[in-house]
Amino acid sequence: MVRTPCCRAEGLKKGAWTQEEDQKLIAYVQRHGEGGWRTLPDKAGLKRCGKSCRLRWANYLRPDIKRGEFSQDEEDSIINLHAIHGNKWSAIARKIPRRTDNEIKNHWNTHIKKCLVKKGIDPLTHKSLLDGAGKSSDHSAHPEKSSVHDDKDDQNSNNKKLSGSSSARFLNRVANRFGHRINHNVLSDIIGSNGLLTSHTTPTTSVSEGERSTSSSSTHTSSNLPINRSITVDATSLSSSTFSDSPDPCLYEEIVGDIEDMTRFSSRCLSHVLSHEDLLMSVESCLENTSFMREITMIFQEDKIETTSFNDSYVTPINEVDDSCEGIDNYFG
């Protein structure tokens, strides 16, 4: 449906309004009030279009129009209303008292819009420019870097999982090999002494500090064993169920979930192993004990052959490994 024009274009005056025309319009509106803009030009004796008369009155001649600079409250209201109505200036002007839609539009384009851009806000969406354009431009400008970074994260995660599984399998082998030997030696000590032994069970990680001190004090009283530093091992605590023959890394899946769990497991496992007199040695003596180092390296050699397809895989002796953190990680990685 086509809207009919408010008046005929023939004989109408266009361009700037004169002072005489303004006085005629003001006098007519004061006598008859606002409205009836289609018939007003003929009644007021004006050679203007009805729409032109309405806009001239609303934007310039209305007596309650507020002139001058916009206050901070008015600017905040304009920003909030623009976020709702967009560029519908007439709808915004109805919410701002004594301000015209044309004046609000001009103030938006010349002042408010520039201030929003300086603050990092998109004047169209009223959202942060960094949240939208910043992140998308970074990914679009460097798509290869972002994809490579994601691939590295996935690879590091997989390496950590493989490292945890291999470490658990290796610790299982060490505990299994030395655990059976300790059981055999402890039983031999029991038979040789012709009686039961006062045992000292290594406390687990769940034991409190008070119990540890009590346990350590009781250790000094158990001196009836011919074992170095008066430390004995409870044979029941090192039964065959303690050390599994299976090198399945899933056996310790819940224990070695992360680095801290691996550390606690290693301490608990080695506390049983190192309780035996053959293994009570300092770091220096361990390095000097070639048979001990040879057996540890042999265990690691067997583990590597089992997990790889090469039967001739060479493993550097453990006492020849660089003792730095990087060297240890490379050796067990």
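Glycine is treated like the rest: Cβ placed from N, Cα and C.
Features reported for this protein in Swiss-Prot:
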- 9-61: domain 'HTH myb-type 1' (DOMAIN)
- 37-61: DNA-binding region (DNA_BIND)
- 62-116: domain 'HTH myb-type 2' (DOMAIN)
- 89-112: DNA-binding region (DNA_BIND)
- 128-166: region 'Disordered' (REGION)
- 136-155: compositional bias 'Basic and acidic residues' (COMPBIAS)
- 156-166: compositional bias 'Low complexity' (COMPBIAS)
- 198-228: region 'Disordered' (REGION)
- 204-223: compositional bias 'Low complexity' (COMPBIAS)
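Residue counts for the domain 'HTH myb-type 2' (62-116) under DSSP, split into helix (H, G, I), strand (E, B) and coil, are 35 helix, 0 strand, 20 coil. Averaged across the DNA-binding region (37-61), pLDDT in this predicted model comes to 92.
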